[in-house]
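Colleague: Sharing the record's features from TrEMBL:
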type	residues	note
DOMAIN	86-179	domain 'Fibronectin type-III'
DOMAIN	182-275	domain 'Fibronectin type-III'
DOMAIN	359-456	domain 'Fibronectin type-III'
DOMAIN	456-542	domain 'Ig-like'
DOMAIN	551-644	domain 'Fibronectin type-III'
DOMAIN	650-745	domain 'Fibronectin type-III'
Amino acid sequence: MINIRSASTLRLFVPVRGRPAPEVKWGKAEGEIKETAQIDNTGSYASLVIENVDRFDSGKYTLTAENASGVKSVFISVRVLDSPSPPTNFMVKEITKNSVTLTWEPPLLDGGSKIKHYIVEKRESTRKVYSPITTCNRMSWKVEPLPEGGIFFFRVLAENEYGVGLPAKTAEPIKISEKPQPPGKVSVIDVTHSTVTLTWEKPEHDGGSRISHYEVELAPKDSEAWSVCASVKALETVVTNLLKGEEYQFRVVAVNDKGKSDPRQLVQSVVAKDLNLSGSKSAFINVRVLDSPSAPTNLEVKDVKRTSVSLSWEPPLIDGGAKISHYIVEKREQKRMAFTSVCLPASTDQVKVSEAPLPPGKIVLVDVTRHTVTLSWEKPDHDGGSKITNYFVEMQPKGDDKWTVCSEVKALEATIEGLTTGEEYSFRVIAVNDKGRSDAKPLAAPVLVKDITMEPIINLLFSTYSVKSGDDLKIDVPFKGRPQPEVSWKKDGQLLKQTTRVNVLTSKTSSKIVIKDATKEDVGKYEITLTNSVGTKTAEISVIILDKPGPPSNIKVDEVSADFICLSWDPPTYDGGCQINNYVVEKRDTTTTTWQIVSATVARTSIKVSRLTQGTEYQFRIAAENRYGKSHAIDSAPVVAQYPFEPPGPPTNLHVAHATKTGMLVEWGRPASDGGSPVVGYHVECKDQSSILWTKVNRGLLAETQFKMTGIEEGLLYQFRVYAENIAGIGPCTKASEPVAARDPCESPRNLRVTNITRTSVSLFWEKPETRWRQQNHWLPGRSTGERPGEVGQVWRNQVHPHYSVRSEGECRVLL
């Protein structure tokens, strides 16, 4: 296996031997070798060179050598370390009115490294730049929430340790929508013997995508064999080629980009026959066939007694072309087979048979106030054979035996007025026709005359209303309550002010807000309050105006350096009623008036602005953008691109810790102030006391707080100074150190011992150090105990006697 980084040159060299000289051929198992590859084949070797390799050059390469004696092949596996190829089988699995579910499979080429994660991005169809959605390890992602009706492209990219690979994209824009709801009510406009004209209403919701057309389907009655008979864009169609006299069922399906809705079926079936929809006229032609009459109809036994039976019937449907002269009634016993006549033939003049009607149907209490009662009832089951002319409503106060007529009406409802508050009344209703009155139908329970109270009830149609800026907005809120509630409106906690643009219309059953030419000032929480003597009800309605967003707020400079500045800000308080897609960040040098775009696709509320010039003063401005446009920009305060700290102060406590004739050890302490940034090192300078020029003695930056200097001249006095350095630069130097001579220190006294100790004294004895002299790097013969100071140019600073006494209590120490 050969591993090679992307953009490098692949060189494959294989020695080849054979007699006769073999014919050599290169190949690739997973495809063809690049045309730009350089192939050099000779009788002794074969080489393959591919410059600027990429992930597609990975694979198994084959070298085949063939001559008259046989064929040999060798395989060489090459893995190009690169970012991965695009994910495969990228598709949209599901679309709803506010989300899209994406799925994909791993890339064919992983770039020689394990896939770390996938990056999912989107862009609106009106924009050119993708914005990130998420980073995930799964191979599916549900993107939500998305604006209904929005049109987006999506893509997914794989990332490994070598970088982000190529994207897999949706070929066509994806509209955020779903299948529409069924069409509204289907009606028949016209019917002929071969056509039916149908009309229907639009669906309540189009699924977020425009309805492309409607499909009309038909099926014979009592059959499920539906077939499409028309496809139209309008809300009306004429179905043709029907069979005369056949009965059909019809249904309509709405279709948008995402599919078909559930069907909406015509309530009743339709018979294909000619109809005149302008009206109807009837004409009767009497045809008299002279024959015996048909049988009487509706024969019923009305009453049975011990010795008699009462029968009733209705005339025959066909009288045989002549007046019925009489009826013959016959009977037979159950055990006999033959009927016998029970009465002589009789004839009478035609009379109208009628009687008083039956009592009215169910009586219902409709309303009660402090002085009135409203009742309603149903018609009698039978009108007695004569039309009901009117109804009497009677009442009876509690404790009174007398019923009095309080209302006479022809309708099935009556309102009784002039009642006494707090009194209890019983009511009953009587139906009247030409033959008289029916029995009375009483109300089930007595009624106490007083105002019916009911806490206000608000029936919100919607809790959120949205409208595009510039369009009119209507908010209708039905309600009920007894007594009639008072209505008040608030917006964001304040009483709603009516203007020429904002009006409130209130009736007994609803209250409506009408806003003309809606603007973003109309955004907010609207609160309706209903109040009556029983209680108070409140409901809240959110109003969203779809417009470009407001500007961001609260720009903050989070970090300043010499070549970059980090900014952050708060999102707009008003987002335009939809998601903020991105922010546009611009900058300008304060010496100019020209703004430059830093980035127009910032997805978060922060950015690091790089490639700035140190010491230059900049100003930034930021605007928010959604699907309806870009907001006004908000400007930042001017800010200078510089390090946020200073060079450090001078080091402290500089001194020469040790000196010899060949070198000195210089030590110092850290500066009292590091300038806000850690000290990265130190610089040391040196000069002899008689010179005015300082010389830097360290080659590289010193990390320690000491420095050993060598190469000095014996006997000279040297001074030192030190500088500290941080990221901001080199700070001021220390004061020059005290001059120190370049000589070896004298030896210590020898053989120190205590010779005597008393209660009040200690006697010590030591020997003077041995002194040797050197001249021009040669030791001189002989030794000196230093008894005669000043020999060979040596000057003693002091002379100490070798005997010393201490007359004091406590612990004593002698330094020599």
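Cβ atoms here come from the backbone N, Cα and C positions, even for glycine.
Mind mapping these onto the model and telling me what they sit next to?
Modeller: Across the domain 'Fibronectin type-III' (86-179), the prediction's mean pLDDT works out to 86.
Here the domain 'Fibronectin type-III' (650-745) has, by DSSP, the following mix of helix, strand and coil residues: 0 helix, 48 strand, 48 coil.
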Colleague: With DSSP as the reference, give the number of residues of the domain 'Fibronectin type-III' (359-456) in helix, strand and coil.
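Modeller: So the counts come to 0 helix, 48 strand, 50 coil.
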Colleague: Out of 86-179, 359-456, 551-644, what stretch is closest in contact terms to the domain 'Fibronectin type-III' (650-745), meaning most Cβ pairs under 8 angstroms?
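Modeller: The listed stretch sharing the most Cβ pairs with the domain 'Fibronectin type-III' (650-745) is 551-644.
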Colleague: Across the domain 'Fibronectin type-III' (86-179), what are the DSSP residue counts per state (helix, strand, coil)?
Modeller: 0 helix, 51 strand, 43 coil
